[in-house]
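J.: Starting off with a structure, shown below.
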Amino acid sequence: MAHDPLLTYRTLVTHFTDFLTVAIHTILHERNIYPRTSFLSARKYNYAVRQSRHPKVCEWINDAIAAVETELLKSAVDRVAVVIYTKDLKPTERYMFDVSRFPAVDPTDLDTRLERRGENGDPVPIVPLADMDEQFRATMGKLTGCRGVLKPLPEGCTFTVAIELKSEGQPPVGHPQPWMPVQPELSETSGEKHTRNTVHPVRAVAAGELVFESWIEQAVDAT
Amino acid sequence: MGSRLEEKSKLVRKRIEGHTFEHEGGEEYDGSKFGGFTDYFRRKKIKLQNLDAQLRAQSEDKAKIFKGVVCHVNGYTQPSLNDLHTMVVQYGGGFIQYLDGKTMVTHIIASNLTPKKKEEFKRYRIVKPAWIVDSVNAGKLLPWDAYRVVDEGVGQKVLGFENGNVVTQANRKTQGYKEQTDTSWYTSQLKAKELQRSESSSRKQPSFTQTITPQEEIEDEEWPLPEITSSIERALEEADDFEDDELPESVERSEDALDTTTKLETPPPTSPPPAPADHSVTGRPIPEPEPRKSPANQTTPLRPRQGSQEPDYSMAIVRDSAALRSLSPTRLATMTAEEHNALLLSDPRIRKSTVVHPDFLEQYYRESRLHHLSTWKADLKAQLQALAAEKSASQKREQQQLKMKKLPGQRRYIMHVDFDSFFAAVSLKKYPQYIDKPAVVAHGNGSGSEIASCNYPAREFGVKNGMWMRRAQELCPEVKVLPYDFPGYEEASRKFYDAVLATGGVVQSVSIDEALVDISMICFAQSGTDGVKRNEGGVFREQAKADDIAQKMRDEVLEKTGCAVSVGIGGNVLLAKVALRKAKPAGQYQLRPEEVLDFIGHLEVQNLPGVAWSIGGKLEDIGAKLVKDLRELTKEKLINTLGPKTGEKLYEYARGIDRAEVGDQVVRKSVSAEVNWGVRFENQEQVDEFMHGLCGELQKRLWKEQVKGRQLTMKVMRRAGDAPRDPPKHLGHGRCETVSRSVLLGVATSEQGVLVREAIAMMKSFNISPGELRGIGVQMQKLEGVKVGVGVEGDRELGSQRRLPFKTGQSSKMPVVAKEVVEGSEGEKAAEDPILDDVKTPVKAQRFVDASNLPGVPVRPANPSTPSKRLLNTLGTQFVLPTQVDPSVLAELPEDIRSKLAKLVRPSAPPPPPAKAEAGPAARPLSRAQSPTTIVALPNQSQLDPSILDALPEDVRAEILGFYNNNKSPGNRKRGEQALLPQSPRKVRSVPITKQPLKRKRGAAAQAEGTVDPEFLAALPEDVRREVLAQQRNARLQRAGGIDLSLHQRSKAQRHNRKKKTGDEEAALLERVLVLPPRPAKPTFTSRKLTELPNLREAVRAWFLEFANEGPYEEDVVALGRYLGDVVVEERDVGKAGAVVRWLGWLVGEVGGGEGGGEEYAREEWARGLERIREGVQRAAGERGLGRLELG
C-alpha cells in the first residue's frame, strides 16, 4: 500500500475533520435529531453511514467543521465536542473527541512533511491509510451502536459543536467570530457537574500519528 | 533507465528467485489481526509468490528464458493477465501482482497506457504483452525494445542505424486499438490455425507496428540476430564443404571474369566482380577484390578496412577465435562488457584491429575507406575550389572593368553541371563490356558492402546509391561490381573542371563531379543585352547562347573523359538544379522563365534541393505533396512547421526563388575526428590513452585547416542496452545510443594537451563503462582562423596568445625547477596519481604529488638561490602537506596527521586580492591551502612569486598578468560560479575558477570536504552550508556506487535557493522534514509489558483463575488499579480501561460464580478488589474531567 509520500500536519487534520463530518452526520441520524428520512445512505471507510441531505444542515456542518479545522491547524484544540441539547437548551449528551495528542506543529510547518523515526532510526509511516480506515470504521461502528447504550432523547433536541482549547491556546475571538467563548466554570458540563455524567467510551483511535479518543458523556439528570 | 531501476528490481528478483515454498505451515498462513492490514498484505504477497514458486517447480522442463525478468501487468491485456502470469512464471520469470513502486519490476506489461501513466512511466520499461508471447515462441528472450509501449515522445527523433549510418527518423508510431487486436496473441493463434489449414509452412511472426526501426532496415540487416552460436555453426558448415566453398572461390572469380554464365549451378553468395584489367593503378590503397583465403590460412593481420566493411570476412575471424569458440553462449551472456572485450581482445588478430592496439588510429585513418573517400573528396574539392575561386575572381574583375555589374532584376543563367553516375561511369571505362549492363561501384562484392555509385541500367532495377549490396543483388542478381578507381576519378574530375572553367563563367564547385556555373555575363555579352530590359529577341539569344555553352561543354567533357555529363540551366541555383533532374541522363535542359512555375509545381516536394524525406514527411503531414501544394500554404504555416529558415526557404523555392549566389563559399564550421569502428576497451586507462591519440589526430587536422576552436564537442556511442555484444559487423559499433556533450573553452585552442584534458573530463562525466563504448568522436567548433606567421614553432603559430613553457606533471620525480611560473598538467596527473596505488607510504608519495601538483611550490632543494626556497613552516611538520587530500588516504593516516590535514583543508581567510601579485611569503601557505578550491591549470594569482615576476621581462610579465585578467572575463566567470565549490564560500576570490575541472577532481574535492570539521561548517552561512552538505552527500552516494543525483540535486538546490530568495516559504518548507518527538511510551502492565487489550484480558483471566479461591493479593489489585488509571490518564484510552474492568467484573461475576466451588471469602475479596479497581479508574477519569464511567 502506498503511503501518502507527503504527509503533513494539514493532511493529518484533514483526515480527522473528514472523519468528524461523517461522525456528526451519523450522530444526527442515530440520535434522531432530524427525521430519519432526511438521511441518505452512503459509504465511507467501507462502512454504511448516513448523510443528511438537507442542504442547510450540510452547510452548517461544513461551516462548523471548517471552523474546527482552523483551530486544529493552530494546534490549540484540546477536545472537540458535539453537544446535544434538549428543547430547553440543557445539554444532555456530549460526544467528545479528545485530540490533545495530535502532534503540536508550529503554524509555519503546516505543510512540512512529518516523519517519525522508529527505534532503529528508520522513518515509520505516519498515517498508514489502511490502518486509519480500519480504525475509523471501528469508531463509526461504535457510534452507530450508541443507541443501544444511550437513553432515547426527548423530542425537539438540537445540537452544536464545541471545542475546548488547550490551556495555552488563544481563544479565537475577533471578527468574524465563529465561536462563542465560554468560561470553563460556566460551562454546564464541567466542574462539579461532571460527576453526574455517565461516560461511555467509544474508541481510542491510534493510527500512526492520528491519535485521538472519543467517548460519549450523558447527563444523568437529563430528562 | 537508471541504476535505480536496476537496483531495486534486482533485489526483488533475488527475493523471488530465492523464494521457496514447502507447505502451508508458514507464518503467512496465520490469520491477520485487527488493524494489521500491512501484515495481511505482506502475507498475501508471500502467498502469491508461494503459488508462483510451485508453478515454477512444476514446469522444470520449460526453458528459463525470463530469468532475471520481473514483470507486472497493468491494465487489460491480450493474452489475459492470468495467461501472461503463468507464461512468465513457467519460463523462469518473476511476477509481481502489486506494484509497490515502479522500480520494483524490470518490465511493466501493458497494451496501452493512459496519457498520465505514459508520462509517469516514460522512463521505465513498458512492454507489450506480445513480448512475452513472442519470447516464449522464440524460445529465448527477445529484446524488449521492439515492444515498447511508451516511446521517447511523439515528436522526438529516434536515432537509428541504417546501413551503418546514423540516421534520425521521426518517431511516428501508430497507436490504437487495432494494433492490439492485430498483434494479439489470440489473433495470431487464430491466424496460425488458418495457416495450418492452408498448409502454408511459412510461419510469419506477427509484425509489430510499434517497432521503431523501419522494416527495410531489418531486411537490409546482415544478420538480424548475430550470435556467436550461429557463427560457430557457420564455421562448422563451412569446414564441411570446405572444398566447394572456400578454395575455389578465387578460381571461380577469375573464371567469372571471362564467363559470367557458366557458374549458375553453384551460385556464389554474391556476384564476384570482374578481375581488374589493369593492375598498375595503385598509389592509393585500392580495394581490389582479393582472392579470399580460407579461414584456416587467415593468419595475416586483418586490415581494418576490409574487416570493417565485410562482415563475411570478419565473421571468420570471430568464429575462428578459439577463445570465443570455447565458450558456451550462456557463459558469454553472463559476462560483463569489459570481460567480453578482454576475451575478444585476447585474440591477437582481433586485438590488432581494435583501438587497444597502439597503432590503431594511424592505421585506421590510413586505411579506413570512408575516411579516405571523404578526405580525398574534400581535398579535391578544396583544390578545385581554390582554382575556381582564383579564376573567377579574375574574371569578375574583368567583368567589373567591363562595367558589367550585376543589376537589380537582371536575368541570370546558371548552369548546374553534373556527371552521370560519376564513380560508375569512370570505373566503367575500364570495363567497357559492362557499359550497358547493370553495374555498381563498391569496395567489394560482399553482401555487406555499400554501393557508392551505380549506372543507369542498374538504376532501372531499382538499385540506388548507398544501398547495401545484398539488397542490390536481390533486385538485380546479375549486377556487376566494379572496384574503385581513385586515380581515374581524380583525373576525370580534373578534366571535368578544366572544361567547366573553360566556359568562362563564375564557377562554384559543389563536389568532385558537380559544379555550378554562372554564365549570365557571357550570355549578355553575346546577345548584347544588359539582362534587364525585356527584349524578346535578346532573351531568346541569351537562352540560345546558354544552351550552346552547355552543349559545348558537354561535348568537351565527353571527349576528354569519355563520360557523359548532364547540364541543367535555370535562372538561379534552384532552377538549375531542378532542370538538371530533367536533363539526366546525358542531356541538358534549360528551364525557361515562363515555364518555371509550371515545371516546379509538378515536382514532388522531395525533389527540391535540401528537402529529403524528413522535411518531406512534415510537409506531407500538412498536406503538401507537390510543390504546387506548397504554394497554397502560407509562409507562416511553413515557418511554423519547419522553422524560420527552412520554412522561408521553401516558401521561396515553391515560387522558383533562390537567393543563393554562385560563388558563395561555404565556410568550414567544424573539424572533427571520430572513430566508431574497432572500439573495444578493457579498462579506463586504455580509454584515456585512446583519447590522447584521438585528440592528437584532431590537433593535426586543426593545424592542417589552420584553425583553432573554442568549443569542443564530444560524441560517444555506447552499446544500446539490448544490443548484442558482438554486432553484425565485425568490431563495428552495432546498435548504439549516442550521447554528446560540449564544453566551451575560454580561449580558442588547437593544443592536444588542452583537448585531451577536456575530452577525458567529458568522457568521465558520461560515466560509461569502458566496455560499453563503441565509438568516440571529438569535434572542434567555433573555429577561428590562425594568423600564419605569428610564431615559427608549431606550437606558437597556433595562438595569437603566446604561452609560457609549462612544466609537465612528473609525478614520480621531484619537480624540475622552472624559471617561470609553472603549470601542472592536469590531464596526465589525473591518470597517474600515485596516491591511489601507494597507500602505505602516503605522506611521502603525497609530497611528490604535491610538488608536481602545485605549481610554483618552492620545494627546490637543488636551487638554494631561489628566493622562495624557504617554506614557512606553520604546521609543525616537516612534510609538505598535500592540499588535495584523498579521503581514503586520510582515513589511513594516524590521528594527529589527520587533524593537521583537516586543519589545512579548512580554508583560512584569503589574502586580500592583490592588484598585482603581491602576496607576501607569509601568506603563501595559506593561499596554498586554498588552492584545492581552484583546481585550475593556472596557479593562483597570489601564488605568483613577485620577485620572480619582477625578474621577468616587461612583456612577459604583462602577458602573465593579462592571462589572469583574461580569465576573469565574464564568460569564464559563469562557469566558475556554476561549479561553486564549497571550500571557499567567500565571494571575493582572487582568481575565479576558469576551467571546468575534471569531474573526478571535483568529486575528489568534495571527498576531501568529507573531513570538514563541524566548527567550520557551523561558521558557514546557512545556504552555503546546505550546499556543502548536499555535495558531501552526493560524493558519498557516488562513492557508494549510488545514483548520480548531483545534477538533479544541484538544480533542485538552485531552485530552492531561488525560491527562497523570492520569499516562497512554502516550497522551502516542503523540503524540510519535521521529525516528531518520540511518543511517550504507553503504560504497561506487569513485567511482561502488556499493552494490548487481548493480552491484558488474558493476563487478568490467568490472574483471576490462579487466585479464584484465595482472593487477589493487595499489591496486585493496586498494580492493576494504577495501571488502568494510567491507561485513562496517560494513554487516554478510557475504552480500554473500561474493557479490562468489565472483563474482570465478568470473570468475578460469571466465572467465579459459575464455578461455585470458590470460597465465599475469596469471592468477596475479589468483589472488593474489583470495586477498588473501578474506583481507581473512576478517579482517573475524574482527573481528566470526565464523568462517571459506565463500567458495567
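Note: Cβ is positioned from N, Cα and C throughout, glycine not excepted.
Since this is a predicted model, take the numbers as computed values, not measurements.
Sharing the feature lines straight out of TrEMBL:
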DOMAIN    B:61-149  domain 'BRCT'
REGION    B:196-226  region 'Disordered'
COMPBIAS  B:240-249  compositional bias 'Acidic residues'
REGION    B:240-312  region 'Disordered'
COMPBIAS  B:266-276  compositional bias 'Pro residues'
COMPBIAS  B:295-311  compositional bias 'Polar residues'
DOMAIN    B:414-612  domain 'UmuC'
BINDING   B:Asp418, B:Asp513, B:Glu514  Mg(2+) binding site
REGION    B:905-929  region 'Disordered'
COMPBIAS  B:916-925  compositional bias 'Low complexity'
REGION    B:965-990  region 'Disordered'
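Where in this structure would I find these features, and how exposed are they?
T.: For the domain 'BRCT' (B:61-149), the number of residues in each DSSP class (helix H, G, I; strand E, B; coil) is 33 helix, 12 strand, 44 coil.
For B:Glu514 (Mg(2+) binding site), the same-chain residues lying six or more positions away in sequence with a CB closer than 8 A to its CB are B:His416, B:Val417, B:Asp418, B:Phe419.
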J.: What is the total of other Cβ atoms whose distance to the Cβ of B:Asp513 (Mg(2+) binding site) is within 10 Å?
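T.: Counting Cβ neighbours of B:Asp513 (Mg(2+) binding site) within 10 Å gives 25.
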J.: Let's check the environment of B:Asp418 (Mg(2+) binding site): how many other CB atoms sit within 10 Å of its CB?
T.: 24
J.: Using the Cβ centroid of B:Asp418, B:Asp513, B:Glu514 as the reference point for the Mg(2+) site, which residues of the same chain not in that list have Cβ within 8 Å?
T.: B:Val417, B:Phe419, B:Phe422, B:Val510, B:Ser511, B:Ile512, B:Ala515, B:Val565
